[in-house]
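Report on the following structure.
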């Protein structure tokens with residue numbers, strides 16, 4: 001290979017790498033495999049409208065959208081868990097789960113483990129229900145907006161700093 005061929009090969013690698021097409025093609029192929037396996041083009045799939053797409057359209061803010069996405073990702077993880085013994089589609093599910101893991105949980109294995117723990121908590125278990133109710137106050141406090149308090153303190157410090165400099 002001469003110098004020009006190396007440069008052309010390098011440029012091709014850069015173009016394919018930056019476009020994202022090269023990386024996403026296997027992902028889309030795996031979704032197509034699952035669509036074929038589940039016969040997702042069957043007319044009854046359209047009955048009742050989409051499962052998730054309309055809901056996703058209703059949520060515009062990034063933080064709100066993350067909440068909905070977590071529930072949707074949870075659904076897919078449960079679906080894949082129920083089908084884990086199916087050898088025909090195992091590879092496709094593994095590739096898609098890995099991609100979801102990278103996109104939704106930023107590749108953090110700790111977040112993935114916590115997410116899996118939450119998914120697997122049985123809601124029909126009395127002991128679990130008791131624990132959940134026992135922790136409810138702390139969970140509600142954790143959900144309350146702390147950022148407003150921080151913003152207020154920051155503003156107060158800025159105002160006090162301006163007064164002191166005058």
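Quick reminder: no glycine exception, Cβ is built from N, Cα and C everywhere.
Per Swiss-Prot, the feature signal peptide maps to 1-23; the stated evidence is similarity to another entry.
Per Swiss-Prot, the feature pyrrolidone carboxylic acid maps to 24; the stated evidence is similarity to another entry.
The N-linked glycosylation site annotation in Swiss-Prot covers 39 (among others). For residue 39 (N-linked glycosylation site), the Cβ neighbour count at a 10 Å cut-off comes to 9, with all displayed protein chains included.
Cβ contacts within 10 Å of residue 106 (N-linked glycosylation site), excluding its own Cβ and spanning all protein chains shown: 9. Secondary structure at residue 106 (N-linked glycosylation site), taken from DSSP and collapsed to helix, strand or coil, is coil. The annotation N-linked glycosylation site is assigned in Swiss-Prot to 106 (among others).
Marked as region 'Disordered' by Swiss-Prot: 147-166.
In this structure the alpha carbons, written CA, of residue 106 (N-linked glycosylation site) and residue 39 (N-linked glycosylation site) are 31 Å apart.
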